[in-house]
Amino acid sequence: MIIPHRADGGKNDVSAAELLKDERAARGWLTQAFAPSTEQWAQIERFVTMLIAENAKQNLIAASTIPAIWARHIADSAQLLALDTREGEGLWIDLGSGPGLPGLVVAILSERPMLLVESRRRRCDFLRAVVAELALDHVEVAEAPLERVATRPAATISARAFAPLDRLIDLSARFSTESTRWLLPKGRNAVKELALLPEPWQRMFHVEQSRTDAESGILVGTGRIAPKKRGKA
């Protein structure tokens, strides 16, 4: 199991008994953590149906994970929202959103304005189809590489599978403010990747245990990051 590291030295581990190991546990945790309305449950169910159908046309998620889609993808995404419980309506930017994980799950469970950044056309077509089908008026899809997305202050930045950690942070630093919350699932390499960051960046983050995988961690941080200085051309 990942051993979480906090800047304040406190514990934040998830016990083996609390891990969401199956679909029933995942649904139960979603109910307990977010108390979704009937409409939200219907939206999540519809999203799952659309995701599975689209996965037969383009590779959005590993086919082997479909039988456990509620634990492996829905609860796995929703746990990021549980790590940012601050009140308010600040912009949430989801980088490399792919099939909308975690962005669309977060958007269904909250009213936070959501920007899904994805450069691949077919994935963006799917994202737009889901947004329209579920009437998620607070969600915007940016079909472009991150480097071409206009700078906007983000209350939250997430990235489930986007780029190596140092590059991810450097590319997205311009969206950060003093209060930005960073939520970066990094799998089994979370502690190792954190240790490789520049010292000032390391101090901003700690590792939270994933609720869906005993070997995975989520980097959680708060604050503004200055982009790396570029050499002159």
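Cβ coordinates come from backbone N, Cα and C, glycine included.
Swiss-Prot lists Gly96, Leu101, Leu146, Glu147 as S-adenosyl-L-methionine-binding residues, and of the candidates Arg112, Arg128, Arg160 the one it assigns to that same site is Arg160. Least packed by the Cβ count within 10 Å, out of the binding-site residues Leu101, Leu146, is Leu146. Neighbour density at the Cβ, taken as the number of other Cβ atoms within 10 Å, is lowest among the binding-site residues Gly96, Glu147, Arg160 for Glu147.
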